[in-house]
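The structure under discussion appears below in the form of structure tokens.
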Amino acid sequence: MRKIPRYVFPWLLILLLTLLCLFLLLSNLSQIRLNNPPATVSILLQYSFLPRLTTSVISGMALALAGLIFQQVLRNPLAEPATLGIAAGANLAMSASIIVFPSLMFIGLPNLALAGAALTALILYLLIARQGLDPLKVILTGMVISLYGNAITTLMVLFNHDYLSDLYNWQAGSLSQNGWQAIHFLLLPIGVLIAVSALLARPLTLLGLSDQSAGALGVSVIKVRVAALAIAVALSALVTSQVGIVGFIGLAAPALIRLTNLRTFTHQLLVIPLLGAILLTLIDQLAQFLSPVSGDLPTGALSGLLSVPLILLLLFRRHHPQINPPLFSASPGRPLTLARVSGLLLLLVGSIIVSLWINHAPDGATFWTLIEWRWPRMVGALSAGAMLAVAGVLIQRQSGNPLASPELLGISSGASLMVVLMVTLFNQTLAQLFPAALAGSALATLLLFLFGLRSHFQPQYMVMVGLCMTNLSMTLSMLLLMSGDPRAMMLLNWSTGSTSGITADRAMWGAGQALLLIPLALLLQRWVQILSLGHHTARGLGIGLRRSNILILLLAAALTAGGTLLIGPLSFVGLIAPQLARFSGAYRFRSQCLVAALFGALLMIFADWLGRNIAWPWPISAGLLSALIGAPWFLWLLLRVEKR
């Protein structure tokens, strides 16, 4: 019996997806006809259903083509508008113009989106060009830029949440239409861009080779790369300006097309728009099909949920070389001195005094008046900062990875995700949720461990898995915010790191956790220091790798759960504080833990105080403020490690 070629199965999958799309489309159409009188059916079809269907087709074509071009130019199967931060840049530009600079609206939202996307692409290119187009570094940089842009957008929404619920719905990628305006705007420019990309098929095919090979064959590498990136950025910005951020399509369509027998880029370029249209239409019809149960589920949010397992699958299937040597330098620099520790303690005491006694009020600065409401916030920020800092030390030491932290590896996002689910499903308060947060952190840690075994614990792969967890948590939180649940605003304030909800009981509970868990971490000095030498050396010295790794990661998960419950998942303290401790000369494990705890407490107390006063009477969440500082720090550290 003749064996069926492997490339047949992807075509069968595409056919199955097409049939499923047709089934859902006909089902949704029949629901409209059954639930509405004939006159209403005609209006709904003409001004809602058909425009939405056409928008999904055009947007899917554009996003799939943009994803294929990004991946071909950057030689990176994980590249697409969402993972590169292009969509977030366009979204930030439009949100800022609506909220902060309404005078710019005369330029037009599409032009603002194009400007934001182009600026983001330029920043990304400048950050990575000098170091080459390493696939994972490109994606890491793009996803951090995306998180940074989303953090700024969230900050603006917090200041204007009373009338900007529609903005959140649009940001989540809603394809709902009330006319044909979006189609009239998208059809011509996207059609022109698709035609121009077809003209670049041959040079783009050669660009899939090395730059030297493409140049030897007569391709102007820089010109072709810039032109292709401009087309992909324009396609992404046009779609984002009309329907918001929609992920998954730019990843899934190229991944599927590569599994078929279409080996040449020219053939892929011809088929990819059709496949993108099928995929986005399928997801949109599925969102409409689920709407009686889930409410008005935005298509972009649903596609974002689907993109996370796809990225993880692509990472899991990639070839992973053997583990690199530890990224920490073995030779110490300036040693830690008593004067530095004393200065740090004085700064911490000074920040506590300032946080408690010097704050804005309607009649000027106040000193004593509100101290009974301030001290729980201060104690909570201090405890959370110290716990996350020590968790960061444990993770960085255990993995030998200076890019690791509870926030970037998704451990705090695992805790956040479990907290959101428990509050939503079981109506529990934040004060009751430490077991749930611990379970979420432990599950995220287990996922990291499994991927670590597959990738030989390479730093960049571990951070990519963590960023996927972070995106998943943010997407689910956004869905809750759009649900109209009265607890949504409380969860938004908590997830962005607000300390305003920390009561005296929660503050003392957090302080007790810090006083219990941090000394336990100090007892692991021998294990941690030997593990940082490498697994082969540790095994030769008689260390049980599985037991020691599990205990270290569980303790890091417990510290992360305690800190996340107090200030949310987006603080970056676990990344910054261990590095500040090393720069101060704390190279031994115990000294690094203690100094990092001091730095973490100092950073969070300062961020909390600054957030309360910098834009008074509108508070800025401490976790969000520290994340705005931490994301550029991460990019600098990433480039610094790569140069080393």
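Glycine residues also receive a Cβ, built from the backbone N, Cα and C atoms like all the rest.
So that you can see what the record holds, here are the features copied from TrEMBL:
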TRANSMEM  107-127  transmembrane segment
TRANSMEM  139-159  transmembrane segment
TRANSMEM  179-201  transmembrane segment
TRANSMEM  213-233  transmembrane segment
TRANSMEM  297-316  transmembrane segment
TRANSMEM  337-358  transmembrane segment
TRANSMEM  408-426  transmembrane segment
TRANSMEM  432-451  transmembrane segment
TRANSMEM  463-482  transmembrane segment
TRANSMEM  550-577  transmembrane segment
TRANSMEM  589-610  transmembrane segment
TRANSMEM  616-639  transmembrane segment
Residue numbers, six or more beyond the limits of the transmembrane segment (550-577), whose CB comes under 8 Å of its CB atoms: 147, 151, 380-381, 383-385, 387-395, 398, 403-408, 411-413, 415-416, 419, 430, 433-434, 437-438, 440-442, 444-445, 448-449, 470, 473, 494-499, 502, 506, 510, 513-514, 517-518, 520-521, 524, 527-528, 531, 596-597, 599-600, 603-604, 607, 621-624, 626-627, 629-631, 633-634, 637
Non-local residues, at least 6 beyond the ends, that sit with Cβ under 8 Å of the transmembrane segment (432-451): 312, 315-316, 406, 409-419, 421-423, 461-462, 465-466, 469, 509, 513, 549, 553-554, 556-558, 560-562, 564-565
For the transmembrane segment (297-316), distant same-chain residues with Cβ under 8 A (at least six beyond the ends): 56, 77-78, 82-83, 169, 171-175, 243-249, 251-252, 255, 280, 283-284, 286-287, 290-291, 451, 454-455, 461, 464-465, 468-469, 471-472, 475-476, 478-479, 482
